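What follows is a set of notes on a single structure, which appears directly below.
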C-alpha cells in the first residue's frame, strides 16, 4: 500500500487555512484519496475554547474528520513534546488507513515540532516544582531576573511576565548547565512532507484580524470566558494565556475596560503573526500561495494526485510572465517579504535555456517588509534583479509591467498609484492598453565616454536615470549593422565601476528616434525603458523642445514626456502567462 504524503498548511491568523484544509480534504476525497485534518494549534485542543480560537464548528468541518481538537480540559496542560507525540501518532494512524494527513498549523513552533527532527530537553518534575514554588513566592519578574543570570540567551526570548515559560527555561537551564539547546536545522522527521503557506497582504490581514476580533466579541467571547473561569481556567498553565482569553480575564478582573481588552487582543494577534513570520521566512521548503486564490485547492490536490514528491532541498515558486515592448520579465509575489530573491535563483529562473527565461526578475513585496526602506511602508516595492542575479536600481519597462501586474492581480484598487523602487517612489497611470510610469529626472552629464562595439567607436553621453546609461548617436546605416553579440567596452572604465547600460540611437525625424540597447547584466534586449528615457533626454539636450519624444525600439514604440516632476514613459505592458518553477 502506498504511503500518502503529509500536507502542511501554514500562514497567519485569518488567512483561511482552516477552510482551505476542509476544501482540500473534500476534493481529495472526490478523487478517491480520503483525507483527514490534524490540528497543530495548541489552543484548539481545549474543550470550550471555541469562539476565541476561531475553532471550526461541526458545520464548518463538513464531515471531515479533525484530530487533536477538543481533547483536553482547560485545567490541563500539554508540553510541545507531548503535543508532538500525539500529532505524529495521529498522522501515522491516518497514513496506515491509506488516507492523506492535512496538518493545519497554528504556531510555527508546534508545526515544526510535528514534521521536523525536533528533540526536546529532558524534564524533572522535582526541579520544576521547586521553581514553580519560587514563582509563587517572588513573582514572574523577579524570577526572570534570576533567569537572566543563569541563561541570558533564554531570558532575552521570554517576556518578563510569562511565568510558565520562565519556569520551564529555569528547569532546562538547571538540567543543562545554563545552555539552551539551539533549534534544529530544517530537516523533516516524516517522509514526503509538502508545506504550503498562505500569503496575505499585511493591510488586508490587519483588517481581517480587526473584523475577526470584533466578531468574536459579538459572538459571546466574554460569556465564554466567564464559563471557562467557572471550570477552572485560572488553574491551567496554558489555556489561560491564549490570546483573547487572557485579555478578557484581565477585563473581568477590573484591570482594563472592555474596549481596552478588545484592542489589546487585536494588538496581541498582530504581534503573534509578525513573530511567526520570523520563523516562516527562514523555511525555504514552504511553497507560498496567495490566500483566497480559488485555484489553491486544485494546485495542491493536483500535486497529491500526480504522486509528485518533494525532493530534498527543492523549492517551488509560482510566477507570472509579462513584457513591455518585448522586454520580458518574471514576476513573483511575496507581500510579506518571506522569500528574498537570491542571485542563484534569479539566474536559474531567468535562464532562457535552463529556466523560464527573462530580461529581469521582479519580486512584488510590501515596502514595509523591505529592511532598508524608510519611506511609506504601505505601498508596493518593485524588487528588481537583472538576469545575471545582480540588483538594479530601476527598470522603466519593468516598472510598467509591474504596474500592470498589480492591477491584474487586484493588489491595487485605483488606476493611478505609487510604486517604491530603489531609485525612489514612482507614480504610474494605467490607460486602456498602455501604462505611463514616472521615471524621474534624467541627468545628462556634460562630459562624454568613448564606447567601442564590434571594433567601431563613438563618443557617448552619460545619463543618470536612477541607473547609469551612456548614449551614442550613430549614423542610420550603422544602427542595424551594430555587433552587440559581444559586450561593448567604454573608456575610461572607472567612469562606470558598477557597469552601464549602453544605448545606440539614430534621429529619424523631429522628435522621432530609433535605438538599440545593451543592458548591463543581460546583453542586448528588445527594449529598455530607462534606456529609452536616457536617449530621449540626450536628444532633448541637443534639440530643446517641449513636446513628447517618440522612440522606436526593436520591441515596439514608446513615448517620453518631460514634465516638471521628471520624465514619464508611456507604452504597452501586459501579463502573458503564469506557471510554477521548480528549483
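Glycine too: its Cβ is placed from the backbone N, Cα and C atoms.
Looking at the stretches 41-44, 45-48, 49-52, the one that TrEMBL records under the feature region 'Interaction with substrate tRNA' is 41-44. Sequence-distant contacts of the region 'Interaction with substrate tRNA' (41-44) (same chain, six or more residues past either end, CB-CB distance under 8 Å): 53, 55, 68-70, 78, 80, 83, 104-107, 110, 238-239, 242.
Between the candidate binding-site residues, 396, 529, the densest Cβ environment within 10 Å is the one around 396.
Comparing the Cα of residue 327 (substrate binding site) with the Cα of every entry in 107, 128, 395, 528, these being the recorded positions, the smallest distance points to 528. Note on the region 'Interaction with substrate tRNA' (41-44): mean pLDDT across this stretch is 92. Of the candidate recorded positions, 107, 128, 395, the one lying closest to residue 13 (substrate binding site) when CA atoms are compared is 107. In sequence order, 9, 10, 11, 104, 105, 198 make up the list of same-chain residues 6 or more apart from residue 17 (substrate binding site) whose Cβ falls under 8 Å from its Cβ.
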